[in-house]
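This report refers to the structure that appears directly beneath it.
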Amino acid sequence: MPTYLIKGASVVGAAPTDLLVRDGVVVETGRGLDAAGAVTVDADGLVALPGLVDLHTHLREPGREDAETVESGSRAAALGGYTAVFAMANTSPVADTAGVVEQVWRLGREAGLVDVQPIGAVTVGLAGEHLAELGAMASSAAGVRIFSDDGFCVADPRLMRRALEYVKAFDGIIAQHAEEPRLTEGAQMHEGEISTRLGLTGWPAVAEEAIIARDVLLTEHVGSRLHVCHVSTAGSVEVLRQAKARGIRVTAEVTPHHLLLTDERAVSYDPVFKVNPPLRTAADVTALRAALVEGVIDVVATDHAPHGVEDKECEWAYARPGMLGLETALSIVLDVLGPQWDLIAERMSRSPARIAGLAGHGVDPAPGVPANLTLVDPTARRTVEPAELASRSRNTPYAGMTLPGRVVATFLRGEPTVLDGKAVR
Ligand code: DOR
Ligand code: ZN
């Protein structure tokens, strides 16, 4: 493995420094470093961040390799500045056994572009009826710590309680897709003025808020840990704020698209804007941004959800919900927050790594730290071209938009996965 000398990077926005990376570790930092035989990486004007960590990625393998594979999704992640992604369980077959999570984990290690950490299903087949083998997945080679039926809500309160009790034994987490199914039957978009105008069945904010309220109370009762996926409403933020103030062990994520886009987009009837939970109002976006800054929302997670053209280039009502996210997340967050590098590092790397208990990730580059890092050009602007994305799918809602920031290089344990803005493999 070559030694790399990264010259003149601003570590999380601090004054420029050199970083010497050897045997997978940052071994030395300081100005004017020299190392015979090292490969030099010019990082003049670039910001170095701890490698980004995504708590919510859909890789479609096994089952829908036409839409994404572990390898193509890993490449998209590396290009987005990520060094670790948590792969959701709604594959086919569902990741509800030790066998399937080990398969995904192994495919991730073989691709070697990011650390792929499988999330296990909470219930068998995501059917919401019987608990899956949580313990077997936890003690498998994949070492699963986070469980989720994402795509579906664990709606049965008794099952949710049992799941929280079960994972408490090994300090695991239940990541809830908060959607009361009886309140969202047939829903096509956010319930509000625009859904009324378009005549589309609405997905009311209270369907999310009611489940979060229930689950924080269950979590308090059990003394376990809850993570709330893709928080999308101002009311959810208030429930979370109160729960945190009471010391309940709940964490929450917001997606880049819920930080930027609103339900106005549905007016186009372009299914690229169909997502679950749906795009909400401008007031919700404002509340989500404030909650992210304040820390009521802990992390930005992509909910990268690749879909093939047959599932997206059709009538709105028939389209599958979901948007690509990995290759644009950092740019969207930079656009929303501005160059607040410490906050960006916290919400996109340190905090998700801490929540997941993921060793070696989410630590700022410094001597002795595993070299999982990304180099970002904060002044570059780029226009999103769907055809240029590494994902196998094309369903980005940002096509044609010019966004700030460009990932120039990503290192996974001291090996570049991206150099000069291009995937190394
Ligand atoms: O928009 C979404 N897409 N929301 C989900 O909960 C699931 C996801 C998917 O798997 O496509
Ligand atoms: Zn999801």
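Any Cβ shown, glycine's included, is placed from N, Cα and C.
For the Zn(2+) 2 site, TrEMBL lists Asp150, His177; matching the candidates His230, His257, His258, His304 against that entry yields His230.
Between the candidates Asp298, Asp303, Asp311, TrEMBL assigns the Zn(2+) 1 site shared with His56, His58, Asp150 to Asp303. Remark: of the binding-site residues Pro321, Gly322, the most isolated position is Pro321 (fewest other Cβ atoms within 10 Å of its Cβ).
In the three-state DSSP scheme, His56 (Zn(2+) 1 binding site) is classed as strand.
With a cut-off of 6 Å between Cβ and the nearest atom of ligand 2, the binding-site residues Leu59, Asp150, Asp303 reduce to Asp150, Asp303. Counting only residues at least six positions away in the same chain, the Cβ atoms of His56, Thr57, His58, Cys229, His230, Thr255, His257, Val275, Gly322, Met323, Gly325 sit under 8 Å from the Cβ of Asp303 (Zn(2+) 1 binding site). Residues from the binding-site residues list (His56, Arg60, His230) with a C-beta closer than 6 Å to any atom of ligand 1: none.
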